[in-house]
Amino acid sequence: MAKHLFTSESVSEGHPDKIADQISDAVLDAILEQDPKARVACETYVKTGMVLVGGEITTSAWVDIEEITRNTVREIGYVHSDMGFDANSCAVLSAIGKQSPDINQGVDRADPLEQGAGDQGLMFGYATNETDVLMPAPITYAHRLVQRQAEVRKNGTLPWLRPDAKSQVTFQYDDGKIVGIDAVVLSTQHSEEIDQKSLQEAVMEEIIKPILPAEWLTSATKFFINPTGRFVIGGPMGDCGLTGRKIIVDTYGGMARHGGGAFSGKDPSKVDRSAAYAARYVAKNIVAAGLADRCEIQVSYAIGVAEPTSIMVETFGTEKVPSEQLTLLVREFFDLRPYGLIQMLDLLHPIYKETAAYGHFGREHFPWEKTDKAQLLREAAGLK
């Protein structure tokens, strides 16, 4: 695999699935602010003129789901009917039940350290030293493109932009190292009045060029900007949106494996979310410590059981110490029991809405992005 191409995509906060994710996590945050021990599994569906919020929530908190929903849609930028979706006039329906007591008895324990996993499942975490944030470059730059689209839309630089957008970046690799960008796709919703030529020029100058490193762009790099020629109808009017449908965008852009569980709308007792964050934390610290250039962690659980049923460390031949030693170091320095990882990463706080667009990983202010264990791991591994 000397030379190859690899592609990742991202979507903006105004993409229908991301609207749903953000509403689900906004509800979660509002509940955790009042009741950190709440059990939340909140799912959202959006379509033209309608939002349906459902799921299972057990809490002492009271939150106004309609207000949270409208505020979230408003912040994203859907504030007028000519966009096909309006925070002020859309219908908001709620169908919320309580978490099953059968699950509760497996999760809740008198001794918090024995808190069981909220479900069975397998989760992956990944890190690589090919970017400054120890994330794969394709997903990192795909995210940054749609973040930039939102920035120039909101600050008025390109006032004809609308909230829905998608990006895709194809990188060229040679012997595992980046040598350039082969192709860039950026599709953005826009108002009626902008013509295609002006849009393409503005997107190139204001979105693509400020984000993608010039040394990776060549005369052979292909650019596809709104390749259909028109993207006026977008957001929930163009497609329905559902929580949890962008799990590869949320993680590593396909560069690492995925256990299948979505994140948004789930409180930290759900290991689909919290253990995936912990696995990223472990992998990132291993790479930051210089123990490997690339690292993938798998962890798995049985419902109602505290100890993980398995922990795997994969370094793709880039390890600087024996793989068996890495596994022992992970078990020594990281508590991957559900309660342990919640405490380790301080997860019982309203920090989740911000994760719901532009990726859960690679943004330094999230607690699972800390590299505070790197030096300890390096010393324990016997590296200077």
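Positions of Cβ are set from backbone N, Cα and C atoms, glycine also.
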- Message: Need the matching range: Swiss-Prot marks region 'Flexible loop' on one of 11-21, 99-109, 264-274, 363-373, and I'd like to know which.
- Response: 99-109
- Name the residue, out of ASP174, ASP239, that Swiss-Prot lists for the same ATP site as HIS15, ASP164, ALA165, LYS166, ARG230, PHE231, ARG245, LYS246, ALA262, LYS266, please. ASP239
- Counting distance between Cα atoms, which of the binding-site residues GLU43, ALA165, ARG230, ASP239, LYS266 is nearest ASP17 (Mg(2+) binding site)? ASP239
- Item | Model confidence over the region 'Flexible loop' (99-109), averaged pLDDT | 59
- Query: Near GLU56 (L-methionine binding site), which of the binding-site residues HIS15, GLU43, ALA165, ASP239, LYS246 can be found within 10 Å, Cα to Cα?
  - Reply: GLU43
- Task: Would you mind pulling the longest C-alpha to C-alpha span across HIS15, ASP164, ALA165, LYS166, ARG230, PHE231, ASP239, ARG245, LYS246, ALA262, LYS266, which the record has binding ATP, in angstrom?
- Result: 36
- Task: Would you mind reading off the Cα separation of HIS15 (ATP binding site) from LYS270 (L-methionine binding site), to the nearest angstrom?
- Result: 25
